[in-house]
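A short worksheet on the structure shown next.
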């Protein structure tokens, strides 16, 4: 089947929106706390703002979360913010944006390899495990991937065909959008711009126009970012500069570091998925012819390389004369195996892996108001989303504050570290001896907390010596639990649990 642009667009939109709406799992905290929560806070006046937003100066730009503001505002005006649309509407928006990657990677394949490679590239993009896992989520990396793919689709790949100014202007706009969403995207373009300038050296008029347009687009992008961030924060703010300044310091090491081989032996196989052998073969063919989610913008290029390999194998085997040939211009066996190896783990990742971290909030939301008077999360910070799907009493939990004031990283501990170092000590020293049955909010957190009507935590916490005894003595018993799939972090194992306080359940010491 030969895909026209219109049919390809319809198929890409259907796939990406469907994946977005069907996804019921927790992947990365940034999906909520760097996108949906700030937008929710801006529109509704409440939401969980992390230290990146509350530090002085803030290091996050409101640009990416602002994509969700119009739909939240519309739901608020129509008084539909208490419906499932509060969750579904942003998913549709990000599904639509994700489809751009599938469409523009087709154009890259057409320009770099030729029309015969377009169906295979499109197939690889649609069936990509990592795209299914991440592309339709509200992650800035995902939108950066879409804009990067859009930029590369307008790049003048063939030196024999001189580009026109409009094509280069579109290229610059997409580059600016990618860098505005994630300033670190500029690293990619540092390597791409010099060859382009060299290519334009023989056309002095076009070269001058390109330089002028580059300066103009950069100035407009910087002014837009400064205006939006300043308006949001109520003070002159240029968040990308603050982000670079903080991440160039020792603060970035607080979140851990990876060995030199991490991207080679872990990130690349995960990003490429079952197409990895063909990606590597495509790299070989290309040379003969002339936190890993941060590498997401490279995935479309991997699909182009893999398509180059698959189609070349198809042609070399004489498959065009085979009655069992594929309209994708690749061997049917390859297509079936690649689809199965991608879709099976994608289904697991979308429906079951870390699903309890989403379903627990649905459970809390469905409890009667007279029953759910307060809730506390005793788990690693940002393990669940908050106000976007949960509108009950304000939750609390052990939090994370990065060492922004020159603290020694060798000894620094945030509240999560302190809690898990000795949960029993934390519960006895920072919580009162008796449960206040009115369940007032914790006004002195993080120094002191009050006992809530409901506690949410992972089952691994009950394996800590003395924790279950403390909770049962206070009067808590389990009312809900759900499996959470395979979990790397040992603190997040043992199912997700909800325990409720009940006077009749108090265990006398």
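Going from the start of the chain as shown, residues are counted 1 onward.
Here the Cβ of each residue, glycine as well, is placed from N, Cα and C on the backbone.
TrEMBL annotations:
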TRANSMEM  84-105  transmembrane segment
TRANSMEM  117-135  transmembrane segment
TRANSMEM  171-193  transmembrane segment
TRANSMEM  205-228  transmembrane segment
TRANSMEM  260-287  transmembrane segment
TRANSMEM  294-314  transmembrane segment
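Remote same-chain partners of the transmembrane segment (84-105), defined as residues 6 or more beyond its termini with a Cβ less than 8 Å from a stretch Cβ, comprise 5, 8-9, 12-13, 15-21, 23, 36, 39, 67-68, 71-72, 75, 121-122, 125-126, 131, 135-138, 142-143, 145-147, 149-150, 152-153, 300, 303-304, 388-389. Same-chain residues lying 6+ beyond the ends of the transmembrane segment (205-228) with a Cβ under 8 Å from its Cβ atoms: 61-63, 66, 162-163, 165, 168-169, 172-173, 175-177, 179-180, 196-197, 236-240.
Listed as Cβ neighbours of the transmembrane segment (171-193) (distance under 8 Å, sequence separation of 6 or more from its ends, same chain) are residues 61, 63-64, 140-141, 143-144, 147-148, 150-151, 154-155, 213-214, 217-218, 220-221, 224-225, 240, 243-244, 294, 297.
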